[in-house]
Amino acid sequence: MVFSTLEHILTHISFSVVSLLISIHLITLLLGNEIIGLDNSFKKGMIITFFCITGLLVTRWIFSGHLPFSNLYESLIFLSWTFSIFYMVLCLKKKKNYYFNTIITPSILFTQGFATSGLLTEMHQSLILVPALQSHWLMMHVSMMILGYTTLLCGSLLSVAILVITFQELIHMIGKSKTFFFFNETLSFAEIKYMNMNDKKNLLQKTPFMSDSSYINYYRYQFIQQLDRWGYRTISLGFIFLTVGNISGAVWANEAWGSYWNWDPKETWAFITWIIFAIYLHIRKNKKLEYLNSSIVASMGFLIIWICYLGINLLGIGLHSYGSFTSN
């Protein structure tokens, strides 16, 4: 009873704090750095969230006697914890990435909100592990897969942001009433795109022959380039986690079911996810196809991850149906 009450308190504290953090972040985005204290409040709030979710997982671990990876509810809580870990790593490196803040806080809110919703009420009660899950591979496989999903989701959302910015600019240019302005904007963007980045200081010095739209295009391109760079790094890390998770899962499957691969729905979609992001990394290495093309592939990967992680669990089909929505 004590553990259940403590778990309930920690869940609601973390959920409430994250909800407040989203409001703080929106105010920061709208007002910039005019309110200095908000940035510190955001960091403190994320630290509180991290420790609350950590306490929640530890409490459930002690109460159940096994790692909290046995069902969809526990994996969602662990997923929200890995999102908070992602933020803590950035804090330790003292990097201020507002676009990561924009991604991480809603992700924690969504995962915790769904985990604590009425749909998964029956999973809140910790149960004894089924024989297939009573293995030392449980921690290795599940933790690597969840870490992979977390980093890949963050990287994919950065790619989605690139597509949104790009298509907004495209729609804006198409909406120009005069063809002259359309070509002017396009040529200005193309000219700045291929300029030597070492001449950045010279470019920032306003000259009579450069229009204001040129400065807007330059900063937009710089922002897209930064998003793409961080997205590539994040997805590369997530791809490593996903690869290790798939390999450890195959070894575990051989021990449990006598076969490394059974083309189970979960396994199939995990393989599709791996293929999608392998294609992304291949395209990203090609200078002619980077940015827009690689971002489209990564955005597809975002949807594929949710089908693999959440969709299959909700349907409750295949060998991975234990701990799913329909199996209860």
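The backbone N, Cα and C atoms fix where each Cβ goes, glycine too.
Keep in mind that what you see is a predicted model, and the values were worked out from it rather than measured.
Swiss-Prot has this to say about the protein:
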type	residues	note
TRANSMEM	12-32	transmembrane segment
TRANSMEM	45-65	transmembrane segment
TRANSMEM	72-92	transmembrane segment
TRANSMEM	100-120	transmembrane segment
TRANSMEM	145-165	transmembrane segment
TRANSMEM	234-254	transmembrane segment
TRANSMEM	263-283	transmembrane segment
TRANSMEM	296-316	transmembrane segment
Tertiary contacts of the transmembrane segment (45-65) (same chain, 6+ residues out, Cβ under 8 Å): 3-4, 6-7, 10-11, 13-14, 17-18, 20-21, 24, 74, 77-78, 80-81, 84-85, 87-88, 91, 104-105, 108, 112, 126-127
What residues in the same chain, six or more past the boundaries of the transmembrane segment (145-165), come closer than 8 Å to it by Cβ-Cβ distance? 75, 78-79, 82-83, 85-86, 99-100, 103-104, 107, 220, 223-224, 227-228, 230-235, 237-246, 249, 270, 273, 277, 291-292, 294-296, 298-299, 301-302, 305, 309
Distal contacts, the transmembrane segment (100-120) - CB-CB under 8 A, six or more residues away: 11, 14-15, 18-19, 21-22, 25, 29, 42, 46, 49, 53, 72-73, 76-77, 79-80, 83-84, 86-87, 90, 153-154, 157-158, 230, 325
